[in-house]
Every structure is written in structure tokens, then in C-alpha cells.
Amino acid sequence: MGCAPSIHVSQSGVIYCRDSDESNSPHQTTTISQGTAAATLHGLFIKTDAAETIPSVITYQSRHSRNNSHRGRRENSGGHVRIEAETQTSHASVKQVSATEECVGPMRLTKEPIQVLLVFAKEDSQSDAFWWACDRAGFRCNIARTPESAVECFLDKHHEIIVIDGRHSRYFEPEAVCRMIRATKPSESTVILAVVPQKLPDQEEPSVLPLLCAGFSRRFVENSSVSACYNELIQIEHGEVRCQFKLRACNSVFTALEYCQEAVEITSEDHIIQYVNPAFERMMGYHRGELIGKELTELPKSDKNRADLLDTINTCIKKGKEWQGIYFARKKSGDSIQQQVKILPVIGQGGKIRHFVAIKRAHTDNNNQVLKMNKEDRCSGDHSQSECHSLRHRDRRKDSIDARSVGSRGSDAPSLQNRRYSSVARIHSMTIEAPITKVINIINTAQESSPVTVAEALDRVLEILRTTELYSPQLASKDDDPHTNDLVGGLMTDGLRRLSGNEYVFSKRTYMSQSQLAIPVTLSDVPPSIAEMLNDEERWEFNILDLEAATHKRPLTYLGLKIFTSFGVCDFLNCSEATLRSWLQLMEANYHSSNSYHNSTHAADVLHATAYFLRKERVKSSLDQLDEVAALIAATVHDVDHPGRTNSFLCNAGSELAILYNDTAVLESHHAALAFQLTIRDGKSNIFKNIDRNQFRTLRQAIIDMVLATEMTRHFEHVSKFVNSINKPMAAIEETSTSSTNSDCEGQSNIRNSPENRLLIKRMLIKCADVANPCRPLELCIEWAGRISEEYFAQTDEEKRQGLPVVMPVFDRNTCSVPKSQISFIDYFITDMFDAWDAFASLPNLMEHLSENYKYWKNLDDMKCKSLRPPPPS
Ligand code: AMP
Ligand code: ZN
């Protein structure tokens with residue numbers, strides 16, 4: 001009939017046991033050594049005989065388990081060997097020790113038997129009385145003899161009740177022991193009882209305060225009657241222990257709140273914020289510490305309409321009804337966020353509303369309709385039981401239902417209404433909405449609660465959103481600046497669709513193939529003069545025109561070999577240098593050397609700028625090697641087979657390519673498509689032949705995306721996306737950070753490294769590389785301006801010759817002011833873009849050149865000079 005279930009072996013390696021069952025007293029002691037512990041599990045009581053110096057804990061599990069089977073378990077933990085005998089109850093009828101159930105709100109909890117720790121230096125009738133009281137109550141009990149073993153045992157078991165012997169301070173100070181235990185975290189929910197001596201007949205009743213101050217919860221006047229101890233323990237159990245048990249169950253509710261997706265805010269009845277969850281912090285941009293204890297109205301002040309809305313909400317929730325609706329809240333950043341909100345009053349002390357729980361989620365307009373519908377139902381139907389809040393601030397639109405609050409959705413809502421609500425919700429949840437529709441809906445909703453001036457401004461915003469090409473700037477007036485007009489018209493549209501007659505040109509184009517190419521050079525064959533020139537390649541001021549001359553107009557192959565090698569492209573693609581060489585030659589051969597601007601020197605120039613940007617720290621740390629390889633390949637091929645005419649020209653002329661690509665991104669589509677066709681056509685120059693299908697697809701996608709990004713019709717879209725998604729968020733982090741802490745860097749690198757933003761960075765990179773000529777040293781800049789002007793002049797000549805619409809009339813060789821055209825090009829396309837790129841990649845020398853070059857053109861223009869250079873002094 002043994003019942004001692006667990007035995008502790010202290011560091012000293014001595015186990016102290018006592019028979020607790022056979023005798024009715026816990027006083028028989030046996031000392032055994034660690035090696036024989038397992039053999040003596042049954043019916044033994046643990047006790048120290050090594051005086052009071054050895055930490056000891058006596059464990060007793062009440063006699064509910066007298067018919068139990070036992071199973072011994074040894075484990076090593078923290079320097080202690082613990083041997084526990086687990087008990088398995090053989091009958092269900094065993095007295096009250098089985099787990100009981102408790103309810104907290106709707107939660108049903110299972111309560112394990114109570115654990116009691118007796119801290120008694122010496123066993124006596126008092127400790128025995130508690131011992132047997134525990135037994136009677138079905139509580140588990142441990143006895144600790146020293147303060148240290150008490151703490152150790154408590155930290156192990158987290159007892160609900162601790163009884164500390166406070167009758168004699170010979171062994172330990174009871175207050176000190178209590179403080180030691182209270183210093184531990186789990187003691188928060190433990191009841192600590194002080195056993196105090198009986199007062200002498202003529203003694204004053206001592207104050208309980210010193211005990212309370214030491215952390216005791218209660219005082220028990222010494223009484224060795226088992227019943228007295230039993231009564232004390234079960235009173236504690238029914239009172240404080242039960243409350244603590246329920247309170248601790250709330251931890252799971254808080255865990256749910258902490259991790260749930262919806263923002264939750266709990267306030268007091270007078271709107272003092274008591275709790276917000278992390279989703280709330282994320283949504284509003286505040287830290288919890290900034291909010292808790294603040295009054296809701298201390299948050300950024302709202303306008304009059306918001307105050308009206310708050311009144312409406314208050315009226316509803318103060319009546320104990322739930323309020324549900326949509327409103328705009330101000331985030332810490334000052335931005336507004338439209339939220340779908342539910343506010344629930346919670347009854348507390350005195351049967352009064354003591355808290356308001358607000359549950360919020362960012363509102364998408366799918367739900368708006370649902371709410372509007374619901375509101376209509378309520379207003380038109382029976383709303384005697386429901387609160388209807390109409391926020392009719394500005395009912396400017398006849399057909400707009402402006403109420404977005406639907407009052408309480410009490411259990412009394414008619415079932416028809418609920419069915420309607422859910423079916424409308426279903427319909428709306430099926431709607432696939434474009435982001436622009438959501439934007440328009442949000443603005444519509446905002447208008448309804450905005451002052452007239454704001455609502456009217458928003459009307460204009462809506463007009464733009466509904467009707468205009470979002471990223472194409474509209475020039476103020478046609479006559480403003482013909483250079484800008486022509487450039488914008490020429491570069492940013494796909495032609496004037498005024499075709500006169502049947503001018504569709506179906507010329508059969510042939511492309512240079514591998515077999516037609518001269519014997520390729522190897523990197524080691526590169527003539528010393530060229531090799532020396534290439535040593536300068538990493539500098540921005542590298543002179544591509546010198547390389548063009550030295551290589552007899554084949555700068556792309558030589559520079560490509562050098563740059564691709566330095567970026568480890570062959571290793572990445574697992575291709576030989578010979579394949580790379582053939583590929584570079586093939587690409588270069590398919591550039592038109594007859595074009596003054598769009599020839600392989602321009603491609604080499606763009607490749608050079610690309611490599612230069614890729615080496616910039618910020619760029620390097622944002623992209624991976626696949627991105628780098630893709631960027632270098634994209635730069636190399638980005639204008640391949642350029643006919644020296646603009647997209648507009650090709651569309652107007654009804655060229656084969658314009659027909660093929662439906663007048664849309666004609667050239668860029670052609671460059672990308674042809675580059676892949678040529679590459680794959682011949683194994684000798686197929687640099688992709690050794691990479692796997694997935695890698696090829698990823699690389700191909702990245703290359704195509706970059707080549708298409710060079711198309712100027714989407715110039716402003718790419719730049720503004722880069723500014724909004726990268727520049728601004730990065731600047732915001734810089735502004736808010738006091739120092740360059742790790743988390744700031746982490747915040748910035750999170751921005752840079754997201755896949756969407758890496759895409760924007762790559763687009764911006766190739767775009768800037770493509771039109772970097774105004775940022776080159778003056779001589780190069782002038783040469784490029786001359787070349788592009790010549791190409792435009794040639795186009796105008798041809799347009800005139802063929803009777804086609806003249807896309808850029810200012811680029812007439814007889815009348816054109818090159819300085820003016822360069823000023824317009826820089827003003828319109830270059831300055832903002834390079835400001836943004838410089839802010840990201842840090843390019844002080846480019847910006848310096850740009851500013852110098854701009855001054856140069858301004859100066860010429862001031863001198864009324866229309867040519868590339870000032871006239872020679874007379
Ligand atoms: P891409 O055809 O890929 O080189 O795209 C760049 C566009 O910018 C082309 O349409 C060029 O004509 C134009 N562009 C580049 N540099 C200049 C410049 N200095 N002046 C005027 N237009 C330029
Ligand atoms: Zn280009």
C-alpha cells in the first residue's frame with residue numbers, strides 16, 4: 001500500500017525517505033544512498049538527516065493514490081538527479097483529487113489538484129496538521145526545510161499555496177523567505193500563508209500589515225488541528241486560488257490577442273487606453289507604450305466630422321450596444337487609414353460598463369457595400385431594437401448612401417436581414433477588384449465625411465484617376481516649349497496614328513548569324529592598347545569613344561568580355577569564355593553601325609554604366625548575382641537591331657515590327673525577343689545552354705523586364721514607383737532614426753531586398769544607364785548629344801521624304817537648337833530621375849557632371865547658339 005510517489009535526490013547525492021502510509025505519522029525516517037533510491041521508492045518519506053544545511057524537499061503526494069500503481073522515472077536536471085514515481089489512478093472513484101472543471105466566461109478549464117508547499121524547518125504537530133489537511137483535501141504537498149530548497153521546489157512546481165512557518169525565527173526569518181519567493185515570477189499567482197504563534201492572553205492583537213508588506217497573503221494563527229488547517233486550505237482554494245486560476249487562464253486569451261490579425265484596443269469606460277495588441281501597433285504606427293494610459297482624445301485631433309462621429313458612437317456604446325461602422329483614423333505618420341470598426345462595451349465592476357473593446361481592420365471597399373446594404377435594411381425595416389447611426393455629413397451625391405455605421409448587431413436582428421447580409425457579403429467577396437477601383441472607392445467614402453473644399457478637391461482627383469494615363473505628365477500648353485513637346489511626343493507616344501494611305505512597310509529583315517562573323521578574339525588576344533584602355537573601365541569617366549575608335553567600332557565585344565569576366569558571368573552561367581565571346585560578337589554584329597546613336601557603342605556605354613552602378617554599395621547589397629547577370633545581359637542587348645528610328649516613326653510608317661507588336665513598345669519588345677532568338681539559335685553562342693530550366697526562366701524574365709523598362713512611355717511610372725516605394729520609405733527610416741542603429745539598417749535592407757523593390761531597382765538601374773549620357777564628362781556628353789540629334793534629324797528627313805507625320809519637328813537639321821533640346825531633355829527626363837537614383841546609389845560625380853553639362857547647354861542657349869559647341873572666337 002505504498003503511496004510515496006516522488007523522491008528528490010539533492011546535490012549531495014543523499015536521498016531522504018520516510019514511510020508515509022504505513023504509519024500514520026510522517027516521522028519515521030530512513031536514509032538511503034542514491035544508488036539504491038529506486039529500490040526504496042515505495043512507502044518512503046523523504047527527509048534530511050544531514051542537519052539543516054543540506055537543501056531538502058520532502059515530497060508527498062496525498063493518499064488518493066493509495067491503490068495506485070507506481071512507475072519510477074529517473075532524470076537528470078540542473079545538477080539534480082530526480083526520481084519520480086508517477087502514479088496511475090486505478091479507479092475513477094478516488095477522492096476529490098481528480099482534475100476539476102472551472103469556467104471563465106465561455107472558456108471551460110480543467111483544474112489540476114492544488115499543490116501546497118510547507119516551509120517548516122522542523123516537523124512538528126503544526127506541519128503534520130497541514131500535511132494531513134492536504135491529504136484530506138486531495139492537495140499535493142511538499143515540505144521544504146530551508147529557504148533555498150523552498151525556492152528551488154517552488155520554481156519547479158509553482159505551488160498555488162505556500163505555508164511558511166513563522167513561529168520561530170531560530171531557523172529562518174519568515175518575511176525573508178516570503179520575499180525570496182515573491183521575487184520569483186511565478187509567485188504572482190500564489191497565496192502565501194504565514195503561520196504565526198498564538199498571542200498571549202494579555203497581548204495586543206498584532207498588526208497583519210508587516211506580513212502583508214513582506215508579501216504574505218494571509219495569516220494563520222498556529223493551530224495543529226487537522227480540521228482547522230483543512231478549513232483554512234479549502235477556504236483559500238475556493239477564494240483566491242480559484243480567482244488566480246481563472247486569471248491565469250486569461251493568459252491564453254491575451255496570447256490570442258497578441259497574435260491575432262485584427263487590431264484590438266481596450267479602453268476604460270472613460271476612454272483611457274488600457275491595452276492594444278501588436279496588430280493595432282502595426283496598423284496605427286504607434287508603440288504600445290505611447291498609447292497605454294492616454295485618453296483616446298489625446299491622439300491626433302480630429303476634425304469636426306470626426307467629433308460628430310465619436311458622439312454618435314458614444315451614444316450607442318454608452319447604452320451598452322455594440323457599434324459597427326467605418327471611419328478614417330489618423331495614423332502616427334499623419335496618414336489616414338480607413339477602418340472597419342466594431343466597438344463592444346464590456347460590463348465590469350458594479351455592473352457598469354468598465355471597458356470598451358474596439359476591433360479594427362483596414363477597410364477594403366468590398367465590405368463597404370455590405371455595410372451600406374445592411375444600413376438600408378435596418379433603416380427601412382424594423383429598427384426598434386437597433387441603433388441606426390446616419391453620418392450624413394455631406395450628402396452631396398444624391399445616389400450615395402452615406403451612412404457607414406450600422407449600430408448594434410444584436411441577437412435580435414431579423415434572420416431575413418442576416419441572410420441578406422451574408423449573401424451580399426458573399427457576392428462582394430467574389431468580386432475581383434483592381435487596386436484602382438479600391439482607391440476610387442476609398443476616396444468616395446472619404447468625400448462623404450469631408451468638408452466641401454476637400455470633397456471638391458477629391459472630385460478632381462477622381463476625375464484624373466478615372467480618365468488619365470496616370471504616369472504620363474501632361475504638358476501645360478502646347479506652345480510652351482516645342483523641344484519638350486517634341487521630345488515627349490516623340491519618345492512617349494507610340495506614333496501619331498495618322499497614316500496617310502498604305503504606307504505599311506513589310507521589309508523582310510535578315511539578321512547577322514554566327515557563321516557570318518569574323519574569327520573571335522580571346523581576352524588574351526586583346527591588343528595591348530585596348531587592354532590598357534580597358535584598365536580604366538571601372539571609372540565613370542572611362543572614354544567609350546576612345547574604345548570605339550581603338551576597336552574599329554566593336555567596343556561592345558571587348559568591354560563586354562572585360563566586364564562579364566569581372567562579374568563572374570561565365571562561372572554563373574557555366575559557359576566557356578569562347579561561348580561568351582561568340583555571343584558578344586553576335587549581339588554587337590546585330591547593332592547597326594550606320595546609326596549615329598543607337599549603335600553598339602551606345603550598348604557598350606549602357607553596359608559600362610550598368611556595371612558602374614552594380615558596383616555601388618547600395619545596389620550591390622540589394623541585388624543577387626542573378627540580378628547582376630541579368631542586368632549586364634539586358635544592357636548588352638537592350639537596343640539590338642535598333643533601326644535608328646523611334647517607336648512613333650515605326651508606328652506611323654506601319655512597319656513590320658509595329659504590326660508585329662501592335663504599336664506597343666515596338667522596339668523594346670523587338671530588342672528583347674531578338675536577343676533571345678539570336679542567342680538560342682546557335683549553340684556556339686548560346687550562353688544559357690548550361691543552366692537549368694528554372695534558372696533560365698528567372699533570368700529570362702529579369703532580362704525581358706529590364707529591356708522593356710527602357711521604353712520611354714513608362715518613364716514616369718518607373719521613376720515614381722521607385723521614389724514612392726524605395727526613396728521615400730528609406731528616407732523615412734533615416735529621418736526617424738537617431739543614430740544609424742542596426743535596426744534602421746535592417747529596416748532599410750528590408751525595403752531594398754523585397755522582390756518587388758528589387759524589380760524597381762533593376763528597372764531604375766537600366767533606365768539610368770540608358771540615358772546617362774548627360775551625366776558623362778562634358779566631351780562625351782556633347783558627342784552623345786550630337787549623335788542623338790543626328791539620328792533624330794535623319795528621322796525627320798525621312799519623315800519628310802516619305803510624307804509621314806513629323807514626330808519631332810524641332811529636330812530639323814536646319815532649325816534645331818541642340819542646346820535647347822538638351823536642356824529640355826535634362827529638365828524633363830533626367831534631373832528627377834537622377835536625383836532619385838543618386839539618393840539611392842550615391843553618385844556625386846555623375847551629379848557634378850550633370851550640373852556642369854546643364855550649365856554648358858544653358859550657356860550656349862543664352863548665347864543663342866544652336867549648335868553643339870560655341871562658335872570659335874573670331
Ligand atoms: P533607348 O532607345 O533605349 O536608348 O532609350 C533612350 C531614349 O532616350 C531614346 O529614345 C533616346 O533617343 C533618348 N535620349 C537619350 N539620350 C538623349 C539625349 N541626350 N537627348 C535627347 N534624347 C536622348
Ligand atoms: Zn538605349
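Positions of Cβ are set from backbone N, Cα and C atoms, glycine also.
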Checklist entry - Can you pick which of Asp481, Asp486, Asp525, Asp770 TrEMBL lists for the same Zn(2+) 1 site as His602, His638, Asp639? => result Asp770
Item to check | Least buried by Cβ count (within 10 Å) of the binding-site residues Asn599, Ser600, Thr601, Gln822 | outcome: Asn599
Checklist outcome for this item: With His638 (Zn(2+) 1 binding site) as reference and a Cα-Cα limit of 10 Å, the qualifying binding-site residues from Asn599, Thr601, Asp770, Gln822 are Asp770
Item to check | Listed binding-site residues adjacent to ligand 1, that is, members of Thr601, Asp639, Asp770 whose C-beta is under 6 A away | outcome: Asp639, Asp770
Checklist entry - Quick one: which of the binding-site residues (Thr601, Asp639, Asp770) have their CB closer than 6 Å to ligand 2? => result Asp639, Asp770
Checklist entry - Max Cα distance spanning His598, Asn599, Ser600, Thr601, His602, Asp639, Asp770, Gln822 (AMP binders), Å? => result 22
Checklist entry - According to DSSP, how is the domain 'PAS' (256-320) divided among helix, strand and coil residues? => result 33 helix, 12 strand, 20 coil
Next on the checklist: With Cβ-Cβ distance below 8 Å and at least 6 positions apart along the chain, what are the contacts of His598 (AMP binding site)? List them in sequence order.
Outcome noted: Tyr591, His592, Asp639, His642, Pro643, Gly644, Glu791
Next on the checklist: Long-range neighbours only, meaning 6 or more apart in sequence with Cβ under 8 Å: which ones does Asp770 (AMP binding site) have?
Outcome noted: Val606, Ala609, His638, Thr710
